[in-house]
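Taken from Swiss-Prot as is:
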- Gly2: N-acetylglycine (MOD_RES)
- Cys15, Cys18, His19, Met81: heme c binding site (BINDING)
- Tyr49: phosphotyrosine (MOD_RES)
- Lys56: N6-succinyllysine (MOD_RES)
- Lys73: N6-succinyllysine (MOD_RES)
- Lys73: N6-acetyllysine (MOD_RES)
- Tyr98: phosphotyrosine (MOD_RES)
- Lys100: N6-acetyllysine (MOD_RES)
Amino acid sequence: MGDVEKGKKIFIMKCSQCHTVEKGGKHKTGPNLHGLFGRKTGQAPGYSYTAANKNKGIIWGEDTLMEYLENPKKYIPGTKMIFVGIKKKEERADLIAYLKKATNE
């Protein structure tokens, strides 16, 4: 399991320009991530997803996020997420630990 505090710093630096995590948070360029774990791809209410995201049909969890965050465009070809990914597994684990906590509060 990753480090929540390190993950928060990664989120602020690499994700917060496009995403929010708090309950009731607004969508930005990317969707609000509250309730992410256990939700199917392309399902945040009120956000306009690409068909690729909606049709991927996986459930977000630690394993799926670990793979997705390494290279989003490879994992979901056709996604509009422009983020190149996080190559270091430890950094992805830290970010996932933070997301698991922050998107469930």
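Even glycines carry a Cβ here, placed using N, Cα and C.
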Modified residues compared (Tyr49, Tyr98) - the one with the fewest other Cβ atoms within 10 Å: Tyr49
Least surrounded among the binding-site residues, given as Cys15, Cys18, Met81, when other CB atoms within 10 Å are counted: Cys18
Cα proximity to Cys15 (heme c binding site), best match among modified residues Gly2, Tyr49, Lys73, Tyr98, Lys100: Tyr98
8 Å Cβ shell about Cys15, Cys18, His19, Met81 centroid, heme c site members excluded: Ser16, Gln17, Lys28, Thr29, Gly30, Leu33, Phe83
Cα-nearest neighbour of Lys100 (N6-acetyllysine) within the listed binding-site residues, Cys18, His19, Met81: His19
Candidates Cys18, His19, Lys56, Met81, Tyr98 (recorded positions) with Cα within 10 Å of Lys73 (N6-succinyllysine): Met81
Minimum Cα separation from Met81 (heme c binding site), reported as the residue among modified residues Tyr49, Lys56, Tyr98 that achieves it: Tyr49
Around the Cβ of the residue listed as 'N-acetylglycine', the count of other Cβ atoms that are within 10 Å: 21
Packing count at Lys100 (N6-acetyllysine) (other Cβ atoms within 10 Å of its Cβ): 18
Around the Cβ of Lys73 (N6-succinyllysine), the count of other Cβ atoms that are within 10 Å: 16
Distance from His19 (heme c binding site) back to Tyr98 (phosphotyrosine), taken between C-alpha atoms, in Å: 14
For heme c: widest Cα to Cα gap among Cys15, Cys18, His19, Met81 in Å: 11
Fewest other Cβ within 10 angstroms of its own Cβ, chosen from the recorded positions His19, Lys56: Lys56
